[in-house]
Amino acid sequence: MTLRCLESSGNGAEGAQSQWGTAGSAEEPSPEAARLAKALRELSHTGWYWGSMTVNEAKEKLKEAPEGTFLIRDSSHSDYLLTISVKTSAGPTNLRIEYQDGKFRLDSIICVKSKLKQFDSVVHLIDYYVQMCKDKRTGPEAPRNGTVHLYLTKPLYTSAPPLQHLCRLTINKCTSTVWGLPLPTRLKDYLEEYKFQV
């Protein structure tokens, strides 16, 4: 089962609960809510999280994009938080992201779910599949059995990313040992905030 949004009922402390539930006082989020909030905060820094967007709006954004271009948006299905919309060889398509027990993974049929990797954050999940697609992609050939390959290659940004973030991505692509670089500590801290290549 995936995470469902908890309905807040009543007034006062119960009504003030976060939509993801809290443990203890209204000021102190549960560990689960804190993990989820951290993952969503990280996602909001990417520049390719579009927030609330319909399926048709996502299709419109991706229709002229090259194959492999993707964006993350809020899911229109109440059992899921997020959806990946991606341009495939057959046109734009959507894939839900499942959140369960503090982990994110791609939604799939039950017999395959246990084999799919799980991640602490959505950005880590996307980064993993983008890197995997870079390693395996040899060309845009269509599969022979009628299935469509899902390639994640390039995010569709909501707006031009800040130069600082683009520099951080470039550094992340070149090294995984930020602390060995001859940079000020404050800059190293900034680089450590986002360790991904996408």
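Quick reminder: no glycine exception, Cβ is built from N, Cα and C everywhere.
If you look up Swiss-Prot, you'll see 8-22 marked as compositional bias 'Polar residues'. Feature annotation from Swiss-Prot assigns ubiquitin cross-link to LYS173. What Swiss-Prot records for 48-156 is domain 'SH2', and it gives sequence analysis as the kind of evidence. Residues annotated as domain 'SOCS box' in Swiss-Prot: 151-197. Residues or ranges marked as phosphoserine in Swiss-Prot (evidence: similarity to another entry): SER30, SER52. If you look up Swiss-Prot, you'll see 1-75 marked as region 'Interaction with AREL1', on the strength of similarity to another entry. Annotation source Swiss-Prot lists region 'Disordered' at 6-30.
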Using other CB atoms within 10 angstroms as the count, which residue among the modified residues SER30, SER52 scores least?
SER52
Take the Cβ of the residue listed as 'ubiquitin cross-link' and count every other Cβ within 10 Å, whichever protein chain it belongs to.
11
Summarise the domain 'SOCS box' (151-197) by DSSP state, stating how many residues are helix, strand and coil.
23 helix, 2 strand, 22 coil
Just the number: how many Å between the Cα atoms of SER30 (phosphoserine) and the residue listed as 'ubiquitin cross-link'?
34
Between the residue listed as 'ubiquitin cross-link' and SER52 (phosphoserine), what is the CA-CA distance rounded to a whole number of Å?
30
Roughly where does the region 'Interaction with AREL1' (1-75) sit in mean pLDDT, to the nearest integer?
73
